[in-house]
Every structure is written in C-alpha cells, then in structure tokens.
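Student: Below is one structure. I have some questions about it.
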Amino acid sequence: MLHYLLSVLLLIFENILELCMCITLVILIYYFWPSKQLEDATLQYFPDTTQNSSEVFIDPPERNPIFYPISPLRHKKRSSKEEMTPDKKRDSSEKISKQPPRELFEPNEQEQVPSHIKPEIFFVLKALEGLELPTTWQLDPKDVETLSIDTGSVVLSPGRANDVIVVVISGELGIFTNVSLGDKRYDCNIKTLRSGESYFSQTSIIEILMNEKPNNKYIHLKALTSCRVATYHLTSFHTSFIANPQQWIRTIQVVMTRLQQCTLITCNMYLGIGGKCLNAKRKLPDSGKFKDFNKLTEAEQLNKGVEAIAQAMGIPDQSDKLREKVRKYECQAGTVVTEENSFEIDMIFVVFGKLRLKRGDLEHDDTGTSLTFDVYPGDMLPSMQILTNEPAMCSAKALEKTIYFKICRDEYIQFLFAHPVIYLRLAFHALQFISPFARVFDMAVHWHRIETGQALFRQGDKSDSMHIVMGGRLRAVDSTKIIEEYGRLDLIGITDMAEKRPRRNTVMAVRFSHIVCIPENLLSFVKIRYPQVGNKLLKLISKCWKAPTPETMSHVETTRNQNLRTIAIVPASRRVPLTEFTCELYNQLSKHVKTLRLSSSVVENYFESEVITKKADYGLMHWLNVQEIAYSLVLYQCDFHKTNWTRRCLRMADAILMVALGTESKEEQVLAEALLSCNEKGVRQSKELVFLWPIDTPTPSGTAAWIKESYYSGYHHLRAPNRLFSFPLKTREKKIVEYYETTVYGEISYQSDFSRLARILTGNAIGIVFGGGGARGAAHAGALRALIEKKVQIDMVGGTSIGALFGSLYATTPDIRAVGRMKDFFTDRLRNNILDVVRDLTWPYCGILTGHRFNLCVQRMLNDVNIEDCWVSFFCITTDLTSSSMRIHRNGIMWPVVRSSMSIAGYVPPICDPQDGHLLLDGAYVNNLPADIMRSLGANVVIAIDVGMSDDNTNLRNYGFSISGTWCLFKRWWPFGEELRVLNMNEVQNRLAYVCCVNQMEIVKNAQYCYYVKLPIESFGIFDFSKFDQAAQIGYDITKQKMEEFFEDSVATRRKLLGCARNVRQTPQKSKNDNILSFVNMPVLPKPPSDIKSD
C-alpha cells in the first residue's frame, strides 16, 4: 500500500515539474529572444528565393559572422508551386563547382564504313592498319576478292598457304584447330569472327618477306552462318620489300613486338605456360663446323667467326667490314653474359660451348615445362630484344666454357641501316624459337590499337573475351560515374567473362592504347590442352573481383591516380617556372619510383630536330613507349607554345597537371587552355590543378574561381621554396637543370608540399580520419600531437562530427598549431554563460537550440575559408535527410558543412545545404569513421582515430514497457538501495549514431590498409568540454604507443607511415652506353643524360 501511494505522489510531482519547466521556457523565450536581429540577419543571408532563385546563398561578410537558418519556422513557407525542384537544386549546385564534362564518361561514336569506300576494301585496310606498312606499298582493290559462304563451308584448310587475309563482311566465321581428348580428336573453335573482324597470321609476313611459303598446318576456317567474306593475298609484300627494304623495318618491328606482347608475355605472365611457347624441337644450327673451334689459332677463330656471322646475317659479302667490328670473348661456366630486363642489346654469336636462357627464378612453368632454353654454336642472341627494342625477357648464363663474338650496339646499327635484310634475317631466326602452339595462339589473339575516346566495349555488350593493357590508359565508366582506370599490364573484363554476363560498364581509351584481346574460346582451348591454366585463371579472377560498391559510396568522386605511368605538366601562364617545378617534382618522385623527365630540349639530344616537329613519327612514338617500360613514371614537360611536342605530351599522358601561380588570378593565366586545345583528340585524362605559393603564404585563396569555369578532378596547393622563383623567366633549361643536379637532387624533405604531391601521384598517400564523439574528440588533439612528434606524414584528412572540425583545422594549418586551435574551440565553448545558453533555447520543433551560438563558435574557428583552399586535401561526412544518404563534402565554404557534420539530432536543427537546399545532419549517423571513403579517394594507408564509446551492456535494468524519468532521477539522488542502470537521452543518442555503421566499423578495423587507433575515453561525456587536457593526454599516450607498435611491426610499415615508401615495380636496367644512333626512325633506348638520371 505504501509503495502504491509513493508511486502516485511521484507521478503527480513529475507532471507538476514538467508543467513548471514548460512555463519557464515560454517566459524565457518571450523576454530574451532577439527576434529583430535574427530576422534581419536571416533576410540578409537568405533572401526571398521566390524573387530571384540565383540568390539562394550569399557568402557572409568577414566582419559580420551570422549563421545558417535558426529554424524553419522563422522563414516564409514556400507554397507547393514554389518548392525547389531537383533541376533547380542541380542548377544551384553547378554554380558552386563545374560539373565533369561529358568527355570523361562518354566514348566517341563507333566508326562507320565511309560511303565512298566499299565495305570489303575498308575492312581489309582496317586489318592492315596496325602494321604501319610503308607508304610505298599501295592496296590494289582488284586484288580483293569477295566470296559468299554457306553455313559449314570451309574457307581455309590445313595444307594451304597461310598468306591470305580473310575479312568478314557479314555473318560469322569460326577459327578451328584440332585438340585431343583421350583417344579422339575434335575440332575446337578458338575464335569467332564477326562483321569487320579478320583472320591472318602476322608472323607469316616475315616468311613472305623472306620469300618462304608460309604453310598452314593447324588452322581451318569454317562458316558458322551464311556469310560474306573478303580475301586478300599478301604476296605483294615481298615485291615491295625488294624495292624498298628500309621502309619495311618498322613493319617487321611491329610484327615481332606484337608476337612478344600478345603471345609470349600473355602466356608467361597470365597463363603460366611460358615454357609451351618455346620450340623444343627446333632445328638446331649446324654445330659441326664449329667443332674443335677452341683449338684454332686466334686469327683462324676470328676469320671463321666473322664468316659465320656474315652468313647468318645474310651479308656474306660484307665479311671484311664485319671483321673490324667484331670482338671475341671467352667465359667460364656460371658466367652471366646478359641480364634479364637489361637494355644491353649488343649482338652475340656463339661459336663454342653453350649458353642457357632463363626468365626469372623459376625453372618450370605451371605445366612443369622447362622455362630454360639452350643456345648452341651458330645461334644469335638476343634477336627478339633487338627486333622489338624492348628489355631482354631472359638472362643468359654459360653452362660450360663458352666462346662468343659480340658486335656492340652502335656498330650493328650501322649495318642495319646499310643492310635492312639483316633485320629480316633476325626476325626469321627468332621465329625458329617459337613453338607451333604459340603460333596457333598468336593467330587467335587480337592486338587492339585504340585511339583516344574510342570504346573497347560498351555496357551491355557480350562478354566473350578478356583484355590486357600493354600500353596506354583506359577508363571504365557507368553513365556519369568513373568506376576504374586501367594502366599497363592491368586486366579488363575477366570477371564479366567468367560470370557470363553482359558487360557491366563501358571501357574507353583515355589516351592512345595497345590492348591484347584474348577470346573466351581460346582460353577454353588452352585449358583443354593444359588444365593447370584453370588454376591460374582463378587466381587472376580473384585478384580482379571486387565487391559491389555500397550505396553510401556510389557517388564518391575520385581522382583515380592509380598506376600512373606518364604525367604531362602544362603551364597556366608564361610566368610559371615550369622547368624548376618539374625538377622539384622529379626530385621528390625519384625517392618513390624510378622516374624520367622528358622535355623537347631533352629529346632533341637524341633525335633530329625534324622528328620533334613532325606531327606523327612512329620511331619517336615507339621510343617513348619503351621509356614507359624502362621507367615507372615519365614526366612530360610541355612547351609554352602549341607545338607538336606539346600535342604529343598530352596524347601520351595518363594524367595532366596544370601548374598555376597562386598569387595571380585565373584571368591572367589562360595559356593552359590554349595548350590543351592543340590535342585534336580531346582531353579525357584526369586534369588536376597545382597552385604554387610563396613559402610564407598563410592560407591559399581563389580556387573557387578556377573550378567554376572548368572541371578539375583535383587541386593541390604547394608552398614552393624560394629557389623555385629565383631564376629569370628566360633562363635556359640546361642551366636550371645543372643547378638542380649539383645543388638539389638527393635533398629530400618528406614534410614538404612537393613531397606530399609526389606521394599522391605515386599512390603512397597517407590519410587520417577523425571519428565523431562530441567532447570526447578532445583526444584527437593529443593523437595529432603524437603523430606530428613521430613524424608521421599526413597527405589527406577527413572526419565526421567533431572529427570533421579537427580535420578542417589541420587542413588549414597543417602543423602543431592545429592542436592549439582545437583547444581554443573547447575554451570558446566554455565561455558561454547561462544567459547565452538560455537565449539560444527555442521551442523544440527542430531542436531545443537555435544553433546560433554554435554557428558563431564554428565560424569563428574557420572563418570563411573554402574547402578547396586548404593546404591538405579535406573532406567531411554529413547525413542528408532529404535524400536519405551519406554526403561527402569536398568543396564550398568550410564552416557550414563542418557545423552540419556536428549537428546532433534533437539539439540543433539541420543545416540547409546552400548548393541544393538539402537538410544536413551529423555524419555520425551514416559513417562515424570514414576510413573507407579516405581509401576510395586515393590514400594508400589510412590512420583511423576512433573516439566513439564502446557499448557497455552490463547491469542494464529491465524496466519493462514504460519508465518514469522522475523515478530515475529520484533513484539517482536516493543514497539507499541499488543503482538503477538505465540509458539516458545522451546515451541513446550516442548509440543511435553507431547503429548504421557498426558493420562498416568492423570492416575498417580489419582492413589491411587501415591503422586503427581506439582511444579509451568512454568515461568522458559528449558535452564534457571542460576536460580537454585530460582527454588530449589520453589521446597522446595511446596514439604514441600505437605508432611505436606499428613502427616495430615491419620496416615497410614504418616507411609507409613516414612517407618514404618506395614502390616495388620491376623496371628494366638502363644501358651503359652514352651514344645513340638512329636508323629508319627507330632509335634504341639510350642512357638518360645526367639531367634525367634517376637515383
């Protein structure tokens, strides 16, 4: 009875107390609400949008910091006709930043057959286009024959000469070969040809030029449907070669390069059957004439060796000239004669003993076939390397005492120039090393040469092949979104092919690219012959497979600076110190990757001047492609004029850096746009802005003016050292390079802005994300201080809620001063007296506070700085209530989005986004620790600082279906009895903030790229702003301890966090020779001069 009476009294007391609180609140609002001032401020910054929709948002003046809308009740309500439509919201957003151009996402239209050319002629010319045939050769339309083929009819059968091109005009044609299954043999379709596609054996061209009959032993063509085909016989090639042999050198080189890239590299690197490409049953050279060679005198050895070399090179009448160039060498067993990946392309002719060729450390491929190959007396090497002008695929080691003759590179180039038949003989000799299986594979594989903007395939196309990028860069797009970009040796489309579904995305060429296309039917044939290939393909699929993009990340804009091989550097004005900038950047890049700097003056040292000025030169093009193989990153420095070199730089670039002076306006720097227009193919690469500022610049400014006019995928602000601006504008490039070589190169400051840019470009960027947690975020200050003391580099920063504020403070002042600014924010919050708090109270329609004092506090810390004007790249997370999604903010005025990221529901109202009018709330509700977003924006490693509270579910009271707050308050004050453990409103809010991102947090904790730091500060409340020092000390101690653990984990981890990680990319060795000669526009790779030599 007593218990019942006490409950009734408490209920009455609770109702009376609530009534009194409401009356007090109404009185305080009536007397202290600054209605006139707030109404004026609201009208000043949020004018009536019904009069002028273009004035939805006006930047606040510097000396009158007000706030965003206090409450929707304070504004004129729009009628249904005045509601902002999605189109109007989008228009408003576009005024803040330029939207990506359609060229980034839409490929060119498919090439159509011209009306003035017959389809059969057009398709034959397209099939021959990639061979780069000499201009002296012309196609005679009379030699093209058109045939109508019934279903099942055979067009080409084994035993016939393989000297014909077959092009499908309509219908389908199958390429078949025999395969054994048990005791039976079956016809296996290794490729299906459709309209516009062709069949011909490119290796047969070498035999045709040698006037040999290329026999077809393994292939037959059969019509899968009724079709029309065009045939053209290649016999005219030999006639043209006899008349102009020098002009066919480039075609021979293209054929052999295609063989190496399409067949040899593919089978070895991706299918694991490199040993099957070697012809173990090849006809060995006649070694009898070299019997007892070591017993001959020196003069006899030289005479006999020179005669044999001249005979092998096809110039027996030039023995006397060769004798002056040839040098004899002897080596013992175990001596390495040539190195793998070397550009030492001196020609070697073995006359005694035996050499063994070997690739890598493996003795056998996945099928158990030996990867070694023996070279006997009478063999020349490295013939394939000489032909393709690419690094050696194998090393050569002596198995016994060996005698060989060598002709240095410069000498035999002279012979090649004078006697082009040598080049053809080398190619014919190299084909003797290729197995019949490799030849069949080479006939079915296709080598695409795709111009900028062309589509490799389109969304919805049939997935019947996989592709390998051998050169260039491609981009996968989906409507208006970049999915992925692909560089050299990347795989494309293998997952779609494995899942047998239509292409999910469109893949287009960002620049001129070389692609190897492997049909699904060919892979099935290979798996039948060598089942071990299936395991290799599964590994490739597992590496390429990616989980579907979460909805919360579907709109993340990324710069995709992954696997960059070439970068074009374009000046925004003639006053930009371009050479100095390129040298500074080169110096920092060289500590991460093997880098080459090329400018027009550098290339002129190796080529005739007319080569640089020509619009198209295949020799220079090939030479530049070889540099991409030899170096991990090539910097192309453009000219200050619209020259062919500038055009070539833009065409060869994976990405473009536009360098501008931060102290000058955009109107004064319009040169870059003019230079970009000289690329008639259009600019489809990612284009990023780089602003150069004096070293003592406090804060950048003016970036918004650039991004309003043109789209840039990123922007970087660099505080340049004084030496960058010390040279007069007309100083010769050679003088500047000499200064950097003698004074600067090797001097690395990992804390500099140039070093930060180098890490971003090489994929070594370090990002840090600060999590939300209210006043517990004070621990972020201690964590940041520990990171700075440990010299951990921070290249990108992001955060949620209180972490967004701390991240923004570091982004604008990237040094220890940011810690002091964090403390100032907490001190500012403590200055609010009771009267200020009461004045900020309002009727709890959107929140119990107007947000006015909160706005002033945040804006006082950040002023009117734009996000794009930060020294360090910054983003923050908010919850978009209008679209029920996560928002990632990377541009616009900083303080409103930071404030919205800290807006706890129920306490302060959401902020109306000035760009589109969406309601934004605390980002902790969707992603409290956005390490995954930081990773998607290009960070290689992410340091995640978590100050969220851990769930403590122990001793929670099971109070049933209802509970009285007054009873809980009474129990808290009552000193007798057991403690009542019930979640209060703050605790409920905290837990709600983590409900939606629990799974994401677990993924982040276990991610290999993430270095997770959990700060144990659960004892602090989210409004304990008076305990800054205590929380900061805990953050400092724990973070320092965790960093020491990470450093001790491995040397690689330490180097990553300190910003000095070096990319592990296997790159060929440089040549040791200094001189270079060119022959028929095909120079070999020279040693880079001192001004471009990498450390």
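Glycine too: its Cβ is placed from the backbone N, Cα and C atoms.
Straight from Swiss-Prot, here's the annotation block:
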REGION    75-113  region 'Disordered'
BINDING   327-416  nucleoside 3',5'-cyclic phosphate 2 binding site
MOTIF     772-777  motif 'GXGXXG'
MOTIF     799-803  motif 'GXSXG'
ACT_SITE  S801  active site, nucleophile
Student: Whose Cβ, among the binding-site residues E339, E363, has more other Cβ atoms within 10 Å than any of the rest?
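Tutor: Selected residue: E339.
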Student: Among the binding-site residues listed here, V375, L387, L399, whose Cβ has the fewest other Cβ atoms inside 10 Å?
Tutor: L399
Student: Residue list, the motif 'GXSXG' (799-803) vs rest of chain: Cβ under 8 Å, 6 or more residues beyond ends.
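Tutor: That would be 769-777, 780, 876-877, 901-902, 922-924, 927-930, 945, 947, 993.
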Student: Hey, which of the recorded positions E411, S801 is the loneliest by Cβ count within 10 Å?
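Tutor: Each of the recorded positions E411, S801 was scored by Cβ atoms within 10 Å; lowest is E411.
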Student: What's the CA-CA gap between V351 (nucleoside 3',5'-cyclic phosphate 2 binding site) and S801 (active site, nucleophile) in angstrom, rounded?
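Tutor: With distance taken Cα to Cα, S801 (active site, nucleophile) is 76 Å from V351 (nucleoside 3',5'-cyclic phosphate 2 binding site).
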Student: Quick one: mean pLDDT on the motif 'GXGXXG' (772-777)?
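Tutor: Average per-residue pLDDT within the motif 'GXGXXG' (772-777): 86.
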Student: Out of the binding-site residues R327, L387, E411, give me the one sitting nearest to S801 (active site, nucleophile) by CA distance.
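Tutor: With Cα distances computed to S801 (active site, nucleophile), the winner among R327, L387, E411 is L387.
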Student: Taking DSSP states H, G and I as helix and E and B as strand, how many residues of the motif 'GXSXG' (799-803) are helix, strand and coil?
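Tutor: Counting residues by DSSP class gives 2 helix, 2 strand, 1 coil.
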Student: Among the binding-site residues R327, V351, whose Cβ has the fewest other Cβ atoms within 10 Å?
Tutor: R327
Student: Name the secondary structure element type, per DSSP in three states, that contains E411 (nucleoside 3',5'-cyclic phosphate 2 binding site).
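Tutor: The three-state answer is helix.
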Student: Could you give the number of helix, strand and coil residues in the motif 'GXGXXG' (772-777) as assigned by DSSP?
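Tutor: For that range the per-state counts are 4 helix, 0 strand, 2 coil.
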